[in-house]
Amino acid sequence: MKVTIVGAGAVGASCAEYIAIKDFASEVVLLDIKEGYAEGKAMDLMQTASLNGFDTKITGTTNDYSKTAGSDICVITSGIPRKPGMTREELIGINAGIVKTVASSLVQHSPDTILIVVSNPMDTMTYLAHKSIDLPKHRIIGMGGALDSARFKYRLAEALGAPISDVDGMVIGGHSDTGMVPLTRLATRNSVPVSEFIDADRLQQVLEDTKVGGATLTKLLGTSAWYAPGAAVSALVQAIACDQHKMFPCSALLEGEYGLNDICLGVPVILGRNGIESIVEIELDQKEKDHLQSSAAGVSAVNGLLDV
Ligand SMILES: NC(=O)c1ccc[n+]([C@@H]2O[C@H](COP(=O)([O-])OP(=O)(O)OC[C@H]3O[C@@H](n4cnc5c(N)ncnc54)[C@H](O)[C@@H]3O)[C@@H](O)[C@H]2O)c1
Ligand SMILES: O=C(O)C[C@H](O)C(=O)O
């Protein structure tokens, strides 16, 4: 199993580290445009192998796509992160050009790959990948919902005073400060609705904190987060590589599902060796449907800024 990660920055390197520690891939290639950077990150990570007990071979390259040839899975994390006070959508001007070029270079060398898009604004960058390269729709996946759901579970556990392993919950919709749809109605503690443990106001606070999870960290760190994003990407890569058929909310190209068309948006999908094995259509109540529709409208408006 060969995995390429483009962008050896904070998220790309974190993702490579988690993949290596889980030890399911034979090879991880890090590629970056900055001279020597990916080579340095790869060497540093390889010097953790004997300490962390993994056999995954990590190599780095400065923009040489021939080294990525034959990758089973490619991850795009290249591009700029936001600074405090910015939205993800403001990154479109620089990141669209980067994602378009990187995606087509990757597919040129790995025509059978499954592509995971991470760069922001992620739903729009995933849509751009669909529009600009020739891969079947189940092989282009945007990562956002897995991260947002992990943050939702963190906030739920905090509010409930429960261990995180006790709680379950999912965030669908756009990966943006306003577009996320945390499904509070369906969140549980050991199968019991969380509304049995906390009141509506506290649950609303959990929802609001979840939606601004990325912005909160950006304010604290001065740049956007990388540990949980890297872990979330590595979970998707593992689900595909190991054909786990696990369900994650991912940004998928919708063709009628949830009443939406010609848009990439976070919905529950089953991930396996073919990428998106299926899109799961869950029954939403009217309020959730309305939130998903307005989230889609927001993403569509940003997609409209693309030159595709
Ligand atoms: N989808 C998500 O949930 C999620 C989570 C975290 C970060 N992100 C996004 O991921 C992106 C990366 O974030 P980061 O914190 O790792 O940033 P970073 O600045 O640490 O790393 C980005 C790397 O991309 C490289 N790069 C830029 N242009 C390139 C090109 N054309 N080819 C190859 N490499 C190139 C840079 O040299 C840099 O090393 C940002 O757009 C950020 O918003 C998304
Ligand atoms: O918040 C960001 O800009 C980065 C990423 O999308 C995140 O949610 O951490």
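Cβ atoms here come from the backbone N, Cα and C positions, even for glycine.
As given in TrEMBL:
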ACT_SITE  His175  active site, proton acceptor
BINDING   Gly7, Ala8, Gly9, Ala10, Val11, Gly12, Asp32, Asn95, Val118, Ser119, Asn120  NAD(+) binding site
BINDING   Arg82, Arg88, Asn120, Arg151  substrate binding site
DOMAIN    1-142  domain 'Lactate/malate dehydrogenase N-terminal'
DOMAIN    147-297  domain 'Lactate/malate dehydrogenase C-terminal'
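Mapped onto this structure are the features recorded in TrEMBL.
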residue : record                       : Cβ contacts under 8 Å, 6 or more apart
Gly7    : NAD(+) binding site          : Leu31, Asp32, Ile76, Thr77, Ser78, Gly79, Val118, Ser119
Gly9    : NAD(+) binding site          : Asp32, Thr77, Ser78, Pro81, Trp226
Val11   : NAD(+) binding site          : Thr77, Pro81, Val118, Trp226, Pro229, Gly230, Val233
Arg82   : substrate binding site       : Arg88, Glu90, Leu91, Asn120, Thr218, Thr223, Ser224
Arg151  : substrate binding site       : Val171, Thr210, Gly213, Ala228
His175  : active site, proton acceptor : Arg88, Asn120, Pro121, Met122, Asp123, Gly142, Gly144, Gly145, Leu147, Asp148, Ser251, Gly266
Diameter of the substrate binding set by C-alpha atoms, the set being Arg82, Arg88, Asn120, Arg151, in angstrom: 18
Where the C-beta lies under 6 angstroms from ligand 1, the matching binding-site residues among Gly7, Asn120, Arg151: Gly7, Asn120
In sequence order, those binding-site residues of Gly7, Val11, Arg88, Arg151 whose CB lies under 6 Å from ligand 2: Arg88
Secondary-structure category, per DSSP, in which Asn120 (NAD(+) binding site) falls: coil
Cβ atoms near Asn120 (NAD(+) binding site) (within 10 Å, other residues, all chains): 27
All-chain count of other Cβ atoms within 10 Å of Asp32 (NAD(+) binding site): 25
For Arg88 (substrate binding site), the number of other Cβ atoms found within 10 Å of its own Cβ: 27
Cα-Cα distance, maximum over Gly7, Ala8, Gly9, Ala10, Val11, Gly12, Asp32, Asn95, Val118, Ser119, Asn120, record's NAD(+) binders, Å: 17
Helix-strand-coil residue split for the domain 'Lactate/malate dehydrogenase N-terminal' (1-142), DSSP-based: 67 helix, 28 strand, 47 coil
